[in-house]
């Protein structure tokens, strides 16, 4: 009998699929669960086997996610609008591991639980087939055109126990938590406080607290004076920033497939790290470097959002981002206060900021030299306007 490898989270969608694939496609099911955040791997494995999976594979990939994926996003100041790409960034890692496990176990089918309305179906399928075009991808929710109500009814009819996980649909990893469904889909209503688990809404926060982040070659290397690996810094900052109201993103999002959606995210650590990194870049890189980098950063972010992590152009951009971050070393001090990140100090051995030159109280910079610069700088614009005005009068 053929086998299908199911990317299994333990939630409603993928729990229903274990039975559905066996029943509708006459395949044995092997599940793959990746811990990218807070997954209880043993509990999920036990559940998959009870549902009829012939094997349940679990992998803890949090450190790999931080070191090989999040690190590249930090270099690239990865944002899609306001969104730090937390879910989008995890999908290529999941696809990579799924292809590897499928090849090791001679499995020719990979199934995922994404709907036909979202971005993840694209991210999974492009990534999987970019890595191995011989693997066939199965998308039961899309192919069966299932709604959440359909899934619940199927689970009930087949005695599939699904733990109630509240009124919201949640996806989380160490870089962020996305919240969908329920009242969030009504854009004329405020998001209820019960949607948030990582971030205390700003109105309930205290007097704030300072944080200090040191960067080495564009990546965080210490937090509040303590050296840590990137994963540990992210874990600690999720707690510190979250209790100070940092990281709630509430936005109208333009999905890859052409739909508008109301998206709510909690990304406390990501918000702080990306803000601090950008402050440091602005201190160290010159105007031309920043201009080029801003363009590449935006292009990089759109590629990740659109599921093109394994496109060859990404490798070229990653090389540029690594090169442009080689001097992004220094420290950034922020005060986290009721949802705000206030810069309280920044320094770097590569800083281009010259206090003696910019200070209005000193005479280091000869202000008179600006006159000659302006005369040359304005020439093209002034001449263009003069010529056009003269021609307008003639006609």
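Positions of Cβ are set from backbone N, Cα and C atoms, glycine also.
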| query | To which of 113, 116, 118 does Swiss-Prot also attribute binding of ATP at the site defined by 7, 8, 9, 10, 11, 12, 13, 14, 15? | reply | 113
| remark: Given that Swiss-Prot records 83, 119, 123, 169, 178, 265 as binding L-citrulline, the matching residue among 96, 189, 253 is 253
| request: Could you round the CA separation between residue 253 (L-citrulline binding site) and residue 120 (L-aspartate binding site) to a whole angstrom and send it over? | output: 14
| For residue 7 (ATP binding site), the three-state class that DSSP assigns | strand
| request: Taking only the Cα atoms, work out how far residue 169 (L-citrulline binding site) lies from residue 7 (ATP binding site), in Å, as a whole number. | output: 17
| query | How many Å lie between the Cα of residue 15 (ATP binding site) and the Cα of residue 265 (L-citrulline binding site)? | reply | 24
| query | Between residue 9 (ATP binding site) and residue 265 (L-citrulline binding site), what is the CA-CA distance rounded to a whole number of Å? | reply | 19
